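Pasting a structure below so you can have a look.
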Amino acid sequence: MSERTLVLVKPDGVRRGVVGEVISRIERKGLKIVALELRTLSRETAEAHYEEHAEKPFFGELVDFITGGPLVAMVVEGPRAVEAFRALAGATDPVNAAPGTIRGDFGLEIGANIVHGSDSTYSAEREIKLFFPDLG
Ligand code: RTP
Ligand code: MG
């Protein structure tokens, strides 16, 4: 059974030039990219994407950060794609993320942790609709 997940290379990842590296790791793992777009998020889309964090103290900074430059949004497909990509990404705080993971290899700050991956199949469905409403 195949499933889909939404992956973002966040603006810090695009700025650092690791888009190719992230794509390469997704492909090496055996996951398939079925949609991909470079875009700059509006505050409205960013707030909808991170709606579960609306009451958190870092919400404003999170929205500033994710709208602060172009990002690469992708839909990634494969068996247990949600869990598989979260394993490639590593822990939310890059200092605690294992070396060998994307955040463990490229990040240092929790607020600039290079990639996003949906945290459940339910979130994935919601986020994919938000970013790629025309995807079948
Ligand atoms: P993401 O949604 O971006 O893939 O990250 P995640 O699931 O690993 O972490 P989540 O709990 O959903 O948090 C979303 C983003 O908010 C920032 N954050 N800052 N200052 C803080 O304590 C704090 N905690 C979380 C991170 O950039 C995280 O990716
Ligand atoms: Mg999350």
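Just so you know, glycine gets a Cβ as well, placed from its N, Cα and C.
Curation plays no part in TrEMBL annotations; they are all automatic predictions.
Look at TrEMBL and you will find H116 tagged as active site, pros-phosphohistidine intermediate. Residues or ranges marked as ATP binding site in TrEMBL: K10, F58, R86, T92, R103, N113. Among the features that TrEMBL reports, domain 'Nucleoside diphosphate kinase-like' is placed at 2-136.
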Whole-number answer please: how many Å between the C-alpha atoms of R86 (ATP binding site) and the residue listed as 'active site, pros-phosphohistidine intermediate'?
8
How many neighbouring Cβ atoms, not counting its own, are there within 10 Å of the Cβ of F58 (ATP binding site)?
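I count 12 other Cβ atoms within 10 Å of it.
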Among K10, F58, R86, T92, R103, N113, listed as contacts of ATP, what is the widest Cα spread in Å, to the nearest whole number?
22
Using a 10 Å radius around each Cβ and all protein chains in view, which of these binding-site residues has the most neighbours: T92, N113?
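Checking each of T92, N113, the winner is N113.
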With an 8 Å cut-off on Cβ-Cβ distance and a minimum sequence separation of at least 6, pull the same-chain contacts of K10 (ATP binding site), or say none.
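Residues satisfying the criterion: F65, I66, L71, A112, N113, I114, V115, H116.
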Return the members of F58, T92, R103, N113, H116 (the recorded positions) with CB less than 6 angstroms from at least one atom of ligand 1, or none.
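F58, T92, N113, H116, in sequence order.
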Helix, strand, coil: count each for the residues of the domain 'Nucleoside diphosphate kinase-like' (2-136), based on DSSP.
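Counting residues by DSSP class gives 60 helix, 32 strand, 43 coil.
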Sequence gap of 6 or more, C-beta under 8 Å: which same-chain residues meet both conditions with respect to R103 (ATP binding site)?
A89, G90, A91, T92, D93, P94, A97, N113, I114, V115
Tell me the Cβ neighbour count for R86 (ATP binding site), meaning other Cβ atoms within 10 Å of its Cβ, over all protein chains shown.
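Summing over all protein chains shown, R86 (ATP binding site) has 20 other Cβ atoms within 10 Å.
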When you measure from the Cβ of the residue listed as 'active site, pros-phosphohistidine intermediate', how many other Cβ atoms are you left with inside 10 Å?
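Taking every protein chain into account, the count is 22.
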